[in-house]
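What follows is a single structure, written as structure tokens, with notes after it.
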Amino acid sequence: MKDVLERFLGYIKVDTQSSEESDTVPTTKTQLEFAKKLGEELKAIGLKDVSVDENGYVMATLESNIDKKVPTIGFIAHMDTSPDLSGTNINPRIVEKYDGQDIVLNKEKNIVLKINEFPEILEYKGQDIVVTDGNTLLGADDKAGIAEIITAMEYLINHPEIKHGTIKVGFTPDEEVGKGADHFDVKKFGADLAYTLDGGGIGELECETFNAAKAKVIIEGRNVHPGSAKNKMTNAVLVANKFINMLPENEVPERTEGYEGFFHLLSVKSEVETAELNYIIRDFDRKKFEERKEQIKEVGKKINEEYNKEIVCVKVEDQYYNMKEKIDEVKYVVDIAHDAMKAIDIEPILVPIRGGTDGSRLSFMGLPTPNLFAGGHNFHGRFEFVPVLSMEKAAELVVKIAELYANR
């Protein structure tokens, strides 16, 4: 029987970055290849009804070993890693019995995981921690989740004395580019409720996400020779700058926390003739979320009024909503996860997700899906790390949740 660390180290060797630019499903071929490998592994450990569809979704079943009817639960993780940093040739290192000091990730490039910048690592002093070599991300988001789920399923198969109902396993592509639930067949999956293992540090239990939208701002300028441009030229670069400055300067990711929302400018492409701004809009409160969408549209209207012509076009598109609306209808799914953590000596930390998970969309598709910790920290970057014990406890948590549903 493989342990969770062995699985994790094997999975991160496979580059499964998703792509913002691709229109294929999944967005990268390597995700489909990885999905097929996972499907074979699920069959090998003894799961039933294993399927890998053409879109890269993996599903499988662990059959009930009890007579009474209990809810069918699902455990879900995503296969892709973030496009934000390379996932090619990940070269992990295990820092044994971490001593509480700065960790040199790459001596040659002077890349150091410093405790004054990432103080949360001190919580794991004395533990074994998996880190990067400073050149890539680690992939704990979310291959730690995959390793934990499969390890838990194998444990349940090898320990039939632990009673459980029917359990569904699902692995999705393209979560990191917001498409993880696009082709997820909730009916085929067949669960009454589910949990994603896509959270951060040990103990995190999340049932709230942002409401999310994206906005594309197109600015049409007019280029005229600068020598004769007076009262003729409209410089789209300067209009773009005006637009940016008309949104609240403190309502940005780097100046907000907790339940505070924001406007996040992702990219700017501009020249005199035309400019394009790409934003994401986030807020936990549905009313404030709607107000933010109107606010960014209003900026465009004001600029058009100032120039007395339609030079700014703002297109806003919703992405996902705060899953709390749906989780609150079946609050016991959170209560059971809370009790399961307590039962294995983990202190639950109820926190809002300042982001989204597949569970955000799935909850609105009829599958209530709160999020559990996978154990990692500093996702999407070279300072990503995951304590080995956190992964082991996440696998143990999956087992305990299954057990509590059987005894419910």
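Positions of Cβ are set from backbone N, Cα and C atoms, glycine also.
Here's what Swiss-Prot has on this protein:
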type: ACT_SITE; residues: Asp80; note: active site
type: ACT_SITE; residues: Glu175; note: active site, proton acceptor
type: BINDING; residues: His78, Asp141, Asp198; note: Zn(2+) 1 binding site
type: BINDING; residues: Asp141, Glu176, His380; note: Zn(2+) 2 binding site
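Comparing Cα positions, His78 (Zn(2+) 1 binding site) lies closest to Glu175 out of the recorded positions Glu175, Glu176, His380. Comparing the binding-site residues Asp141, Glu176, Asp198 on other C-beta atoms within 10 angstroms of each C-beta gives the minimum for Glu176.
Rounded to a whole number, the C-alpha distance linking His380 (Zn(2+) 2 binding site) with Glu175 (active site, proton acceptor) is 13 angstrom. Excluding the listed site residues His78, Asp141, Asp198, the same chain places Ala77, Asp142, Gly145, Glu175, Glu176, Thr196, Leu197, Thr357, Asp358, Ala374, Phe379 with Cβ atoms within 8 Å of the centre of the Zn(2+) 1 site Cβ atoms.
Same-chain residues with CB within 8 A of the center of the Asp141, Glu176, His380 CB atoms, the Zn(2+) 2 site residues themselves not counted, are Thr81, Ser82, Asp84, Leu137, Asp142, Phe379. If you draw a 10 Å sphere around the CB of His78 (Zn(2+) 1 binding site), it holds 27 other CB atoms from the protein chains shown. Put simply, Asp80 is the one of the recorded positions Asp80, Asp141, Asp198 whose Cα lies nearest to the Cα of Glu175 (active site, proton acceptor).
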